[in-house]
Structure formats: structure tokens, C-alpha cells
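Presented below is the structure to which this report refers.
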């Protein structure tokens with residue numbers, strides 16, 4: 001059993017599609033082991049996305065991720081990292097396959113509805129960023 005981190009981003013929270021996105025995960029074999037709604041501070045967003053700090057989009061990403069609440073979740077299941085990424089679809093919703101979360105709920109490459117860990121190693125680090133072990137069950 002594998003775990004991964006998912007973030008439902010401010011655009012999707014604002015559009016009130018959190019339940020629809022969670023349903024996609026659950027109906028495709030991923031179980032929610034932990035979840036909470038949080039408002040990221042700029043400091044939190046910069047730390048979480050530090051890997052992108054030298055990229056030209058970094059400041060816009062931080063601004064976007066702090067523009068409203070997000071829902072962070074630990075998803076659990078067989079090949080959870082790959083399954084979550086498959087369900088999310090391509091980063092750019094215009095390139096995302098029909099029926100994926102981003103194709104159905106995202107507006108743009110920036111406001112793309114969801115974040116998901118891109119590797120098992122990053123999943124562990126990202127989960128630990130948001131959750132204490134006692135919060136995951």
C-alpha cells in the first residue's frame with residue numbers, strides 16, 4: 001500500500017468542486033487516510049514549493065496558492081502516486097485527457113485544480129510537511 005499527497009488548489013475550492021474531486025479519488029481505488037482544509041501562508045507556500053524557487057513562475061505560484069484555502073489529503077492505495085497523477089491529468093488542462101480532474105475542473109496551467117506528489121520520495125516529504133503521523137489513519 002502506497003501513500004501520496006494531494007492538494008485541491010484554491011481555484012477548485014472556490015468553485016465548490018472539492019466533493020467531486022474526492023469522489024474521483026475514492027471511485028478509483030484511493031482511500032483518504034487524512035484530510036484538512038488550510039490557508040497557506042506565503043512562508044508555507046514558499047517552503048513547500050522551494051524546488052521551484054528559481055523558476056520564473058515561482059512568485060505567481062506562491063501568490064496563487066495563498067489566494068484562498070486548499071484541501072490537503074493523504075491518499076492511500078495500490079500505486080497511489082501513479083494513480084493520482086493519472087487521475088489528475090496533464091499539468092496544462094488543455095493537454096489533459098478527457099475525464100481527468102484537470103480536464104474537467106481546471107481553468108489554466110496556473111489554476112489547474114490539483115497538486116499531486118510526483119514520486120514516492122516526494123510523497124513522503126510532502127506528507128510530512130502537512131501532517132503529523134498521528135493525523136494519518
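Here the Cβ of each residue, glycine as well, is placed from N, Cα and C on the backbone.
Pulled from Swiss-Prot:
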| type | residues | note |
| --- | --- | --- |
| BINDING | 9, 57, 85, 91, 102, 112 | ATP binding site |
| ACT_SITE | 115 | active site, pros-phosphohistidine intermediate |
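It is 9 Å from the Cα atom of residue 85 (ATP binding site) to that of the residue listed as 'active site, pros-phosphohistidine intermediate'. Here the CA atom of the residue listed as 'active site, pros-phosphohistidine intermediate' lies 9 Å from the CA atom of residue 91 (ATP binding site). Within the same chain, residues at least 6 positions away in sequence whose Cβ sits under 8 Å from that of residue 9 (ATP binding site) are 64, 65, 70, 111, 112, 113, 114, 115. The candidate set comprises the binding-site residues 91, 112. Of these, 112 has the most other Cβ atoms within 10 Å. When every Cα pair among 9, 57, 85, 91, 102, 112 is compared, the largest distance found for this ATP site is 21 Å.
In three-state terms derived from DSSP, residue 57 (ATP binding site) belongs to neither a helical nor a strand segment and is classed as coil. Most Cβ neighbours within 10 Å, among the recorded positions 85, 102, 115: 102 holds that distinction in the structure as shown.
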